[in-house]
Amino acid sequence: MAQRIFTLILLLCSTSVFAGLFDAPGRSQFVPVDQAFAFDFQQNQHDLNLTWQIKDGYYLYRKQIRITPEHAKIADVQLPQGVWHEDEFYGKSEIYRDRLTLPVTINQASAGATLTVTYQGCADAGFCYPPETKTVPLSEVVANNAASQPVSVPQQEQPTAQLPFSALWALLIGIGIAFTPCVLPMYPLISGIVLGGKQRLSTARALLLTFIYVQGMALTYTALGLVVAAAGLQFQAALQHPYVLIGLTIVFTLLAMSMFGLLTLQLPSSLQTRLTLMSNRQQGGSPGGVFIMGTIAGLICSPCTTAPLSAILLYIAQSGNMWLGGGTLYLYALGMGLPLMLITVFGNRLLPKSGPWMEQVKTAFGFVILALPVFLLERVIGDVWGLRLWSALGVAFFGWAFITSLQAKRGWMRVVQIILLAAALVSVRPLQDWAFGATHTAQTQTHLNFTQIKTVDELNQALVEAKGKPVMLDLYADWCVACKEFEKYTFSDPQVQKALADTVLLQANVTANDAQDVALLKHLNVLGLPTILFFDGQGQEHPQARVTGFMDAETFSAHLRDRQP
């Protein structure tokens, strides 16, 4: 019995040993594309569901999903919102993980109609697949007017849009708006109206009435926030379109110009007059009348409040978040009401004296609003140009603040001026690098000199012309993030270049993914990119030396040493 157990253990160990002997050390750790993104479809008359089961550690690009009908007509396809993914070279992109279900409405399909579905994805470990195309056969569908409406796509774990400010900023903005020239001088008058002209109210009573007034104003703003957030939720996909983002950028820029005094934005004077008359008919000093006065006051926008309020509303529309929408506008109204409550309780002695500084506060808010166009444009133009826009905005703001501070006479302002000047110098650095190209020239001096090939025949010819030298073939594509990382961090390393000094360097750019590219990848049995192949002097590949996925310079140098005989 003991002998049998010993024999069984020996067989199991031998099996694992032999498996290890024949297991290629260079075998890819990544699965084929159909396992990474298991695609399936199901049609029921006009309704077609496309599904992707996405393997853990992999993701699909939202912008790379394309659907093209052949001999069929489909409704507009609305892709659900994904989650944001960011990398160094392509900036922010929306991706899908775990599972994606995409409903498609088929308005009409002839016999033999098909749907061509193209998609592309990557692995978190630094490996990207070429664009994959699937052909979906369609059952014949007769045109039906009821099916012509676009499908409402369920939002799969809809994330909150990543916006640059928290709702708490709205409170600070509201307080800041209170010190603009259109608002601050009105507070004593508003305080008198709220109290109904009664001078001998107790402090608690005066504070209560003012608080009720502020809550009425906050109710109006909160309702605006909820409505705009609900509208933004319905049109969330459209709000992410580049043309819409550019349009919003123009609107925000115009709002900022109004804060600089170049434009004037406010409600029509006739409408403001009607709202003011309605407010004046309310009885001051009573809770009900004060609340209605505050509600109406929230609709009366002065030139100083129109631009910030519009900016916050558009900001909320971008989020599509109901809680954020209502909460942000409530805090904004509360911020505007805090100075009024203080004045009502403590009197005008707390008010700072009016002067040019109020115009400077208004101008400063113009720069705050200008930050939103930069944030929106960053999604369209990428992080590189986005950084340059942030740099330009920083230089403009700190430069303006420095010039404005020169009018101050107090000694401690000299310290502030030095800080502002230093901040402007730091902000200008990205623009300086762009203008003089310092970083670019440093990088271009260290690239490897690859010979480009395109087809299988060109590869075979290059292997023959190597004349006994070892050959390295780098498969590259513009859509491959890790390929760019190889270029920037690995191939630029002096140790890597030294190790490849006696190696013939070939590169195949398969960005187009055309028939020749597909044939080359199939011939070499390549799943995705980056993939680097090594051939000996006789033109035979060493499969165990194949590299799939990104390697840093140190790891790649060690890999090159290990492959040497």
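Numbers here mean position along the shown chain, with the first residue as 1.
The backbone N, Cα and C atoms fix where each Cβ goes, and this holds for glycine too.
In the three-state DSSP reading, C122 (disulfide bond) counts as strand. Here Swiss-Prot flags C122-C128 (among others) as disulfide bond, drawing on sequence analysis.
Residues or ranges marked as disulfide bond in Swiss-Prot: C182-C304 (among others).
Counting only residues at least six positions away in the same chain, the Cβ atoms of C128, D474, Y476, A477, L529, P530 sit under 8 Å from the Cβ of C483 (disulfide bond). Positions annotated as disulfide bond by Swiss-Prot: C480-C483 (among others).
Annotation comment: Swiss-Prot describes 434-565 as domain 'Thioredoxin'.
Under the heading signal peptide, Swiss-Prot lists 1-19, citing sequence analysis as support.
Annotated topological domain 'Periplasmic' per Swiss-Prot: 20-162 (among others), in sequence order.
Marked as topological domain 'Cytoplasmic' by Swiss-Prot on the basis of sequence analysis: 184-207 (among others). Summed and averaged per residue, pLDDT over the topological domain 'Cytoplasmic' (184-207) gives 63.
Look at Swiss-Prot and you will find 229-242 (among others) tagged as topological domain 'Periplasmic'.
Marked as topological domain 'Cytoplasmic' by Swiss-Prot on the basis of sequence analysis: 264-295 (among others).
If you look up Swiss-Prot, you'll see 317-322 (among others) marked as topological domain 'Periplasmic'.
Annotated topological domain 'Cytoplasmic' per Swiss-Prot: 344-356 (among others), in sequence order, evidence recorded as sequence analysis.
The topological domain 'Periplasmic' annotation in Swiss-Prot covers 378-383 (among others), and the record cites sequence analysis as its basis.
Note on the topological domain 'Cytoplasmic' (405-417): DSSP counts are 6 helix, 0 strand, 7 coil. Annotation comment: Swiss-Prot describes 405-417 (among others) as topological domain 'Cytoplasmic', evidence class sequence analysis.
Summarising the annotation, Swiss-Prot assigns topological domain 'Periplasmic' to 439-565 (among others). In terms of DSSP secondary structure, the topological domain 'Periplasmic' (439-565) contains 55 helix, 24 strand, 48 coil.
Annotation comment: Swiss-Prot describes 163-183 (among others) as transmembrane segment, evidence class sequence analysis.
Under the heading transmembrane segment, Swiss-Prot lists 208-228 (among others), citing sequence analysis as support.
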Cα separation, C480 (disulfide bond) to C122 (disulfide bond) (Å, whole number):
8
